[in-house]
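Some features that TrEMBL has for this protein:
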- B:30-53: transmembrane segment (TRANSMEM)
- B:59-77: transmembrane segment (TRANSMEM)
- B:89-106: transmembrane segment (TRANSMEM)
- B:118-137: transmembrane segment (TRANSMEM)
- B:146-166: transmembrane segment (TRANSMEM)
- B:186-209: transmembrane segment (TRANSMEM)
- B:221-238: transmembrane segment (TRANSMEM)
- B:267-285: transmembrane segment (TRANSMEM)
- B:354-374: transmembrane segment (TRANSMEM)
- B:386-411: transmembrane segment (TRANSMEM)
- B:417-439: transmembrane segment (TRANSMEM)
Amino acid sequence: MTRHIRHAAAFCVLLLVALLVNAVRVQVVSAPEYDRNPANRRPDIARYQQPRGDILAGGEPVTGSRDTGQHLRYERTYRDGPLYAPVTGFASQEYGTTLLEHAADGVLSGADPLLAPLPLWHDVTGAPNPGGDVVTTILPAAQRAAYRGLGRRPGAVAAVEPATGRILALVSTPSYDPGELSGNGKAALRSWRRLNRDPGRPMLNRAVRRTYPPGSTFKVVTAAAALDAGVAGDLDAPTRSPDPYPLPGTRTRLTNGSGGCRNASLRAAFERSCNTVFARLGVDVGVRRMTATAEALGFNDGGLTVPFPVARSTFDASVDRAQLALSSIGQYNTRATPLQMAMVAAAVADRGRVRTPYLVERTTRAGGGVLSAAGARPVRQAMRPMTAARLKELMRDVVEHGTGGNAAIPGAVVGGKTGTAQHGVGNSGAPYAWFVSWAQGARDLEPRVAVAAVVEGAPADRGEITGGGLAAPVARAVMAAVLGS
Amino acid sequence: MTKAGTGITVAAADAPAPVARLPRRRGIELALIVVAVLLSVFGYCNVGLAQHGTLPPGAAGYGAGLGVLALLAHLAVRLRAPWADPLPLPIGVLLNGLGLVLIYRLDLETPGDRAAPTQLVWSTLGIALFIVIVLVLRDHRLLQRYTYVCVAAALVLLTLPILFPAVNGARIWLRVAGFSIQPGEFAKVLLAVFFAAYLAANRSALAYAGRRVWRLQLPTGRVLGPIVAVWLVSVGVLVLERDLGTSLLFFGLFVVMLYVATGRLGWIAVGLLLASLGAVAVGWLEPHVHGRVEDWLHPFASIEAGRGPNQLAQSLFAFAAGGVTGTGLGLGHSVLIGFATKSDFILATAGEELGLLGLTAIFLLYALLVERGLRAGLVLRDPFGRLLAVGLSSLVALQVFVIAGGVTGLIPLTGMAMPFLAQGGSSVVTNWAIVALLIRLGDSARRPAARS
């Protein structure tokens, strides 16, 4: 019997070995595959088991976290959600993340390996790193001014600091409260459906994700190209332009909204926003040089991130002369995001230099230690400094004597350019009212803010829709907020 | 080192006539019990610290309770089984203590359903039964007198639940005054005793009588009749009650004990043939079992079908999340398994929170318990004792394999309690009875009087 007991023992050893080998298979060999299974809720539980790091504007957090006591424990909350939605985006347990919440998710959620106090610390302790904070460049006063200025009208504002590229305001209306989407329950689902069905598209970030025909505001670019190329020289010399201007190679005649454009000087044409003069200038500069200037200012660049991606602003380089004439006055295929037009104004304000705009000043650990900071950015000379100086003069004239009077701020130097862009089939849509500008306080050594504001007019009052009437007051409020800060 | 070695050599040389006197090793047992209790209390504190950052309020009481119970059991062993093996009792205490910790830990996730206090009551009853068996049963051979009482009691216990309503699809529970009892658990030990006694009495006839067909020695019908009848009845009842884990366990126990008693490989062949026929038939005909086999072959099929992960998939996720070192007690999410997390799937919590290392340690504890039982079987001289030791050890080994293999996806899942760890009063009490019998057998095996 002894021998058979030993056999039974050997059988038991076999069972033990089978269990152990299988345990190694499940816990070590196949473990990564099981961990990645989409039905495994552990990554989600781990992600939401600690408060998410915050996004700060003006030194104050504009986000927070709420302990729900549920499986997915912490939910995102927003202070002034609609105001900062174009900056923060949303962080939903169900619908993912967008904008800054998405671009900086690693830091905010604590997953970024840089957050570990020591290399591989997380792997040894198994404890998650607390989420880090993201400090934005947003100036709350400017942000609020822009949001209030747009009010109930759909539109967008982008404001940057010319000397650095810091984004001071990024507003889009109509907006939404991203906090409604934070959870994973029925309420979040209802909000998600409602927001997606809303014809006003509240979740669209118009400041960076939507392009508009820039209309007359693009004449800043055309003027820069003409001055750089030597096609225009003296601001006060007549330009020998016909009115109306027959588009080259066609029978179509381009006209103007106001009179006094025939042979107008560049200064007068800029003040009165003469289409005929700038269309001809664009054709004289030629498609190659027009494109070069536009691209130096940021057009046709699909790779810009702030750190979330910005829609590509376009200037069509394969056009005939008639199309080039229209492109040069911001029509045809020319399209720009409000942020792009703010960059144009900033380049004029800062001696022709273009700086990549950015939204994140620095990221920090939960304790405050700096993880990364926005260092020196590459600078691109988009136009000669002399050209920029002349353009500044032209833009000041617009505010002081021309169509941009609504943007004037007492005691400050303000330059701007209005635009009223037609769009739709046969220009049937309500026009877009544009205003791009920069402002320099009385004691400032250089302009402190460059703004682009766009207001989508309602079809009912299309007669009243002008850049100077609708958009200039919004831009003025933003510039005043920046100068007053 | 050298000096001490020399000293021992001199002392040994001085001894006049070395008497082969085995140490009783009760001190080792006590020390190991202290370690087992401390480890359990440590685990208990660990859970509280991980979940709330404070020591759980009942830690001292829990430790004292477990310690007193273990100490009483130790005193009983000291009194009536002084030659017993020192390992089974500490292993039982440690596994029972760890089980209580795991159940307490899962209770924190299900505030409406607290199982740990009940389990503590059952553990107390189990240790009380342990003490009674050690004190009352002076010699294991006394059990031989009750061979037919045992089999009759086992059959009654197995058939009783048919009269009661089914719970979760299986008719294996008796509900009396708020307590659920699984009589099949007790029947296991009784059947092991019956098999051991019957096979010890008839093993010569089983091994040598009967006709020889090709190379297989077939036993006569007269000897085989009763045993096959008992087996058929028990398995039939279990299939009716839809408790296939226990059915598989009985069958394995039967085959192992028959093989050890007779040494006939033919039995293994016949047993395996019967088992595979039965498994195929049941797996084919019974939809409940068929589903289990499908789940085993394709654990993630329900996810691909859009119905979310089933229990086995959740169990595998839990084991995978544990990795080598585990998440730490109180920090895993095995509660996602849902139903039966504290009973059938308790091992998944151990696997997730203690990792592969902890799981291996638990398996080795069971292996050690089985090994001590088999060793007692090797040392004992009476056939009944040997077969009983083998039977009880195989019972533990098979049960651990069936349920641990089930929740880790090695074999199809069959509901069964992990000995000592899982929530379930009947199981804990039964396992303490098994440990008591192993203690008694170990004592008999090493008692000097028995050897002379």
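Glycine too: its Cβ is placed from the backbone N, Cα and C atoms.
Whatever TrEMBL says is automated annotation, not expert-curated.
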Taking residues 6+ outside the transmembrane segment (B:89-106), which of them lie with a CB under 8 Å of any CB in it? 29, 32-33, 35-37, 39-41, 43-44, 47, 51, 56, 62, 66, 70, 73-74, 77, 115-116, 119-120, 123, 126, 130, 329-330, 334-335, 341-342, 346, 349-350, 353, 362, 365-366, 368-369, 418-423, 428, 431-432, 435, 439
Can you find at least 3 Cβ pairs under 8 Å between the transmembrane segment (B:417-439) and the transmembrane segment (B:354-374), where each pair is 6 or more residues apart in sequence? yes
Residue numbers, six or more beyond the limits of the transmembrane segment (B:186-209), whose CB comes under 8 Å of its CB atoms: 143-144, 146-148, 150-151, 153-155, 157-158, 217, 219-220, 223-224, 226-227, 230, 234, 246, 249-250, 253-254, 257-258, 261-264, 382-384, 387-388, 390-392, 395, 426, 429-430, 433-434, 437
How about long-range neighbours of the transmembrane segment (B:267-285): same chain, 6 or more residues beyond its ends, C-beta under 8 Å? 216, 235, 239, 244, 251, 254-255, 258-259, 293
